[in-house]
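Please read the structure below before turning to the comments.
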Amino acid sequence: MSPQTETKASVGFKAGVKDYKLTYYTPEYETKDTDILAAFRVTPQPGVPPEEAGAAVAAESSTGTWTTVWTDGLTSLDRYKGRCYHIEPVAGEENQYICYVAYPLDLFEEGSVTNMFTSIEGNVFGFKALRALRLEDLRIPPAYVKTFQGPPHGIQVERDKLNKYGRPLLGCTIKPKLGLSAKNYGRAVYECLRGGLDFTKDDENVNSQPFMRWRDRFLFCAEAIYKAQAETGEXKGHYLNATAGTCEEMIKRAVFARELGVPIVMHDYLTGGFTANTSLAHYCRDNGLLLHIHRAMHAVIDRQKNHGIHFRVLAKALRMSGGDHIHSGTVVGKLEGERDITLGFVDLLRDDFIEKDRSRGIYFTQDWVSLPGVLPVASGGIHVWHMPALTEIFGDDSVLQFGGGTLGHPWGNAPGAVANRVALEACVQARNEGRDLAREGNEIIREACKWSPELAAACEVWKEIKFEFQAMDTL
């Protein structure tokens, strides 16, 4: 060790443990445009002041550790440390606080969601001083956003590729999700696409199982796509799930999909991981493939109100990592999703600039500086009676995906697809004529039934089906 280093390390160093708030709680700090800002919902252990809890979060997710170390003297902690700069109590909750933390940009590797999450959502979530911790939102500064490619193509490029405008896109998840042979699976895909859907989909856990290996599925689905396109004159697609046990195998499947000439592949981005997802997104942009993203495992992370990571953060991370579609809940179907909160992160997926709006759970203004947008996918327990509400809630830039709501039609898959397409076209036409979908939705569907026996049959089957449970995801 050089004398100079010895002197710097020894001067002013005092071993021991000191409160985090002495270093990491800085209420006077003015945030910078280049800071990554985080809003944490913190539940301290009894006896732990909120200032100490917030400072502990800032410390443990940046430069801090449990004791003073002499190597602190070898760098500038003021430059690199996270700072808890504001704390506010959560209305209606005992001993819960929103703690705002600012992180200097130099803490993070460029273009790496993996590194960003490892820092901000790493060991701190197991910290003993906290009873619970939830990351509610992140502000990603433009300087960091510009280090990411983002979605392979984005909303406008996808519409141009498909030549479909002025309405939501329609999809269907093939059921049963497991157990079909590749040929029967391809048959179901063909029937749905021929009936009027834009897309069909592999379910999230369809990879390459003994009953249906991936290569066989890809071949039969490609045949179904081309046959349906020839008969309808419309561009069609099937989300071929490229998720695999290794990145190399995943890319191999995407390469085969490209060689078949199909328009879109799929990835389970949470179970597959952000590194794999970003790699696939880069491949898709370079090779003209759209990328559909499934969020399998998200509820393990985001459903508890006081611990975990809110889905709006996972949605922002996906936009940075890359994906052209992502499942976002339905508001009206069988899966969790409160309306205002869902629309908050739907806007974060689609729009270029989103203002802070605490009523929708948006803690920070977010500027995406032209990063392409992501289409939200409404999927899970929806059927034709939901079409007016879905069209009104999600608007044109969305994918409405009916699995059981297509394949459960009493006359078969193709009539189920016809029913959904007729219902959608009726709702879009009514909206364009100035009718109120929220108030007149059922009447609009009944009118369309008069000239579509397929829709009438679907309406009869699902007239009593509702999923009325209180949403867990509230402010």
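Keep in mind that glycine also has a Cβ here, set from the backbone N, Cα and C atoms.
From the candidate list Arg213, Arg295, Arg303, the residue Swiss-Prot records in the substrate site shared with Asn123, Thr173, Lys177, His327, Ser379 is Arg295. The Cβ centroid of Lys201, Asp203, Glu204 marks the Mg(2+) site; residues of that chain outside this set whose Cβ lies within 8 Å of it are Thr173, Ile174, Lys177, Asp202, Asn205, Val206, Tyr239, Asn241, Met266, His294, given in sequence order. Here the recorded positions are His294, Arg295, and the one whose Cβ sees the fewest other Cβ atoms within 10 Å is Arg295. By a simple count of nearby Cβ atoms, those within 10 Å, the most crowded of the recorded positions Lys175, Lys177, Lys201, His327 is Lys201. Separation of the C-alpha atoms of Asp203 (Mg(2+) binding site) and Lys177 (substrate binding site): 6 Å, rounded to the nearest whole number.
Within 10 Å of Lys201 (Mg(2+) binding site), judged by CA to CA distance, lie the following binding-site residues from the set Thr173, Arg295, Ser379: Thr173.
Among the recorded positions listed here, namely Asn123, Lys175, His294, Ser379, His294 has its C-alpha nearest to that of Glu204 (Mg(2+) binding site). In the shown protein chains, 25 other C-beta atoms lie within 10 A of the C-beta of Ser379 (substrate binding site).
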